[in-house]
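Here the structure is laid out as structure tokens; the discussion comes afterwards.
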Amino acid sequence: MFKFHYRLERSAIGLVAFIILVASIGGFIEIAPLFTIDETVEKAEDMRVFTPLEVAGRNIYIREGCYACHSQMIRTLRDEVDRYGPYSLAVESQYDHPQLWGSKRTGPDLARLGNKYSDSWHTAHLYNPRDLVPQSKMPAYRWLLRDQLRTDDLGNQLAALRAVGVPYTDEQIANAARDAYGQANPDSAEAPGVAERYGEATNIRAFDGNQGPLTDMDALVAYLQMLGTLTDAAFTTETAEAE
Amino acid sequence: MALKERDEFSGQMTTGHEWNGIKELNTPVPKLLWAFLGTMGLFAIGWTVLMPSWPGVSGYFRGLLGSDQHQAVRQSLQEAELAKAGWTERLATGDLAALSQDEDIMAVVRQTGPALFGDNCAGCHGYDAGGNSGYPNIAHAPMMWGGDVDTVAETIRVGINAPHPETRYGQMLAFGRDQMLGSEEISALADYLVSLQGEKALTPEETAAAQTLFADNCAACHGEDAAGMVETGAPNLTDAFWTYGGDRSSIRHSIYNGRQGTMPSWEGRLSPTQIRLLALYVMDLRGATP
């Protein structure tokens, strides 16, 4: 029974090759079919892509390490659905590269945070959480209001996302910096183009409370106010399956 | 390879190798471990038959038990709804004023309210509902849009300056920034409002001038007597409660830049029953904290 193994152990390269082969069986059976099984990712016709400002906000979310304390994944458990809303679907993070589901909740889950609180609340809370929630242990992110947002590279960011499968159009990529400005300046000439290119459901507001030059705060609040609102799939799936 | 031999002391076979005179026993794996491994293997095979498991090219084997996490969470939510049905039905349809007198309902409200309030309202209004800078005290201060329980439930439902079609609009103009009032006029009004709190004495001439300014610019929303109007959602300016601060410089800032506070609308995020429960909870807090 062990003869083959005794022989294999005498060939270093053969042993390594065989270890790789055996270890890959599990991955091959568990992971590979996910790419061909239809229901891995649900269909959502109304799913929209991130706007350039939201992409910039998402980069800040990653830069500041928000994912270390906040998850973006409502699990299929009664208490989570009761507290946060409909459980997360795979399609909702379809355009997240990489996904930011997280695995630890020092703070609450953020998957359905979009439009739960006002922009001014987010701005004040990020500036100093203790001003609004005295017992909060979240750090203060004061520089977000001070730092100007870099927008000249947003076209390249969208192009990079397109390379990994996010369906950005040439027009969206060409207008990235313009759309980022327009989304946080509702009275500007750039604003109507944002709704035109990204849909009427897009939030177009002065996120940090001031129109004019963009700050990091504009981008991060725009991103937070979008969470969970890219598609209604989670809400419609729940009612459709219940019937 | 050296010949395998039986070790005299233990009676087991050796591996046949010899390292500097040391030989190694080749003790067989205990039978109990084999039995354990075999049982676990059988259990694993059985489990793949019962539960969703083997993937194919375009689908997967769903298992004989038909386990489905979406189904399971929906069922547990339905069971929870049924368990609560005794009071949710009364809460969803009953007259709120009558329900606030019902001890059974109010016991539920006092038990469920803190979690619901803490999750949704406390971020702005604070866990004790005492308010924060920019967010009104709803435990003690007069309600700007009306203080009866039905109005409070309606405010929670539609929000204030929110993206809800029926939302309440309360927008204080930027009198200074938009050049409707000059700097001295704003100062006169701020002094007048501070004097209403009894913290500063004005001469009769100053008071009269400020009252004229107030009547021309502020009274339409805040009322002739500055006591606020629920129709416009304008707050009472004569009491001790100030959402944005009641000192002279804060008042000046408010008059200069205006105020457009936002309360989100909760319809859609919270169920109608939850909204009604929160209204009862807030009203109960107001009663309990004089």
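Note: Cβ is positioned from N, Cα and C throughout, glycine not excepted.
Residues B:Cys218, B:Cys221, B:His222 are given by TrEMBL as heme c 2 binders; from B:Met144, B:Met172, B:Met283, that same site also lists B:Met172. The heme c 1 site recorded in TrEMBL includes B:Cys121, B:Cys124, B:His125, and the single candidate from B:Met13, B:Met263 that the record places there is B:Met263. Listed in sequence order, B:Gly131, B:Asn132, B:Tyr135, B:Pro136, B:Asn137, B:Ile138 are the same-chain residues at least 6 apart in sequence whose CB falls under 8 Å from the CB of B:His125 (heme c 1 binding site). Secondary structure from DSSP puts B:Cys124 (heme c 1 binding site) in a helix.
A C-beta separation below 8 Å, combined with a sequence spacing of at least six in one chain, links B:Cys124 (heme c 1 binding site) to B:Asn132, B:Tyr135, B:Met263. Cα-Cα distance from B:Cys121 (heme c 1 binding site) to B:Cys221 (heme c 2 binding site): 27 Å (rounded to the nearest whole number). In the three-state DSSP scheme, B:Cys218 (heme c 2 binding site) is classed as coil.
For the binding-site residues B:Cys121, B:Met172, B:Cys221, B:Met263, the greatest number of Cβ atoms within 10 Å around a candidate Cβ is found at B:Met263. Considering only the residues assigned to heme c 2 binding, B:Met172, B:Cys218, B:Cys221, B:His222, the longest pairwise Cα distance works out to 10 Å.
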